[in-house]
Amino acid sequence: MEQASQTPTQILVVDLDGTVLRSDMIYETFWSGLARDWKLPFRALAALTNGKAALKRLLAERSDVDVTTLPYDETVLQRLRDWRAKGGRTALVTATDQPIAERIAAHLGLFDVVIGSNGTANLKGPAKAERLIAEFGEGNFTYMGDHEADLAIWKVAGGAITVNASSALQARVQCGGPIEHLSTTTRTLRPYVKAIRPHQWLKNILIFVPMLAAHELSFGVFFRALVAFISFSLIASSVYVLNDLLDLKGDRAHPRKRLRPFAAGTIPIERGTVMAIALLIAGLIPAILLGLPFLRVMVAYYILTTAYSLWLKRQLVVDIFALAGLYTLRILAGGTSSGIPMSVWLLAFSIFFFFSLAAVKRQAELVDSRNSGKLKAHGRGYHVEDVPIVTMMALASGYVSVLVMALYISAPTVLEMYPRPGYLWGACLVLLYWISRMVMTTHRGQMNDDPVLYAARDKVSLFCFGLILALGVASAV
């Protein structure tokens with residue numbers, strides 16, 4: 001590999017997308033704008049009729065990307081610092097819309113010249129090459145880029161630096177001066193696995209609850225529930241990817257969520273778009289095979305969770321109802337997939353119990369915000385002074401779910417399924433303790449963002465669940 005000259009006698013021109021930035025601003029601005037305005041895709045299609053530059057201008061105007069938290073490539077930034085330290089000049093020349101390019105340049109403070117698209121001309125490929133020749137002269141600049149469109153620019157440059165280019169692209173680079181290939185990332189499947197959040201599939205075990213509650217344990221029922229679990233998990237992962245794309249700004253401002261693959265730039269946003277669609281299609285195939293009732297539940301789940309990502313999560317209290325509804329839909333999915341009639345008792349218990357868990361989730365976010373010195377939870381409709389009220393909501397709803405369970409135990413029909421219902425009273429007490437402990441733990445700031453995942457890793461919670469299961473089995477035999 002031939003190294004580019006370390007004596008910066010020429011100006012170093014760098015691209016933005018995929019070079020300085022481990023992302024692409026057209027996707028950044030699209031998802032940011034969509035999070036603010038669900039009609040943006042229609043506006044974007046109209047703007048595209050006037051060219052890609054017009055589309056970029058529209059997206060720039062409709063979005064609110066925080067340039068201070070974007071995933072910049074530190075290796076590239078250090079190369080720019082070194083170049084400037086040796087007396088060289090640097091330029092940011094990008095197809096990104098000019099105002100955004102200027103904001104990024106102002107934040108980084110590493111460029112002498114900033115040139116971007118102007119709403120009429122899309123500064124990419126041959127158009128960028130012509131602009132660079134006009135600005136600096138052919139062969140009078142070193143160009144750093146990452147894309148196939150940059151081949152035309154390297155041909156007229158005095159030096160070439162590729163960033164994370166494939167071996168095939170590296171072989172095609174032609175330049176009249178030295179060529180350097182810079183690799184700043186390690187290609188692995190781990191970020192993709194992390195992005196679909198398989199650990200969140202634990203929540204979908206709720207699909208098996210109706211068959212267990214009805215004591216329908218045949219292989220046929222179990223198999224249909226298993227297919228439903230797979231379908232729900234794939235569609236849920238599609239939603240997780242979609243939610244991450246819509247909430248990039250919020251995730252990057254969060255101390256833990258900023259490490260998510262799309263927020264951190266370890267997976268290109270354009271691939272996330274493909275992932276969301278592919279996972280949705282993969283999940284819909286088994287959903288269709290399970291029949292129309294189950295498919296209706298999945299459509300309802302997708303609509304509700306998309307509405308939650310776009311709007312509901314910022315609405316006071318409504319967001320908690322939405323979260324509780326998403327959990328309850330898992331119970332409904334289990335019933336419709338297995339053909340088991342839903343018990344009113346089970347639905348009533350689920351609504352109140354999951355409302356409690358959703359309130360605990362908001363309580364955890366508010367406590368975290370309070371401990372961080374913030375006045376409100378980012379992207380939510382709550383202020384830190386709402387902590388006592390949200391805590392009361394979590395406790396009250398949780399206790400009502402225990403009351404529903406107690407009333408069910410007292411119903412005459414319970415003896416038909418549980419010969420020894422007395423053991424279920426013990427389960428009520430254990431559940432009462434667990435709900436109280438969860439709220440108290442959250443109040444002390446020891447809860448992470450998701451109470452379900454916390455419970456899955458908490459030894460006391462696992463013991464409580466095991467004890468409840470044992471008491472349930474004892475009451476049924």
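In case you wondered, yes, glycine gets a Cβ from its N, Cα and C as well.
Positions annotated as transmembrane segment by TrEMBL: 221-242 (among others).
Through the fold, the transmembrane segment (276-304) approaches residues 196, 224, 227-228, 230-239, 241-242, 245, 312, 322, 325-326, 329, 332-333, 336-337 of its own chain, all at least 6 residues removed from its boundaries and within a Cβ separation under 8 Å. Here TrEMBL flags 276-304 (among others) as transmembrane segment.
The transmembrane segment annotation in TrEMBL covers 316-333 (among others).
According to TrEMBL, the transmembrane segment annotation covers 339-360 (among others).
Outside the transmembrane segment (389-411) by six or more residues, the chain places 320, 345, 348-349, 352-353, 355-357, 359-360, 362-363, 366, 382, 421, 424-425, 427-428, 431-432, 435-436, 438-439, 442-443 with a CB less than 8 A from a CB of the stretch. For 389-411 (among others), the entry in TrEMBL reads transmembrane segment.
Per TrEMBL, the feature transmembrane segment maps to 423-440 (among others). Within the chain carrying the transmembrane segment (423-440), a Cβ under 8 angstroms from the stretch's Cβ atoms is held by residues 356, 360, 363, 391, 394-395, 398-399, 401-402, 405-406, 409, 414, 447, 451, 454-455, 460-461, 464, 467-468, 471-472, 474-475, all 6 or more beyond its ends.
What TrEMBL lists as transmembrane segment is 460-476 (among others).
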Positions on the same chain near the transmembrane segment (339-360), where near means CB under 8 A and six or more residues out: 209-211, 213-214, 216, 221, 224, 319-321, 323-324, 327-328, 331-332, 390-391, 393-395, 397-398, 400-401, 404-405, 407-408, 411, 435, 438-439, 442, 447, 451-452
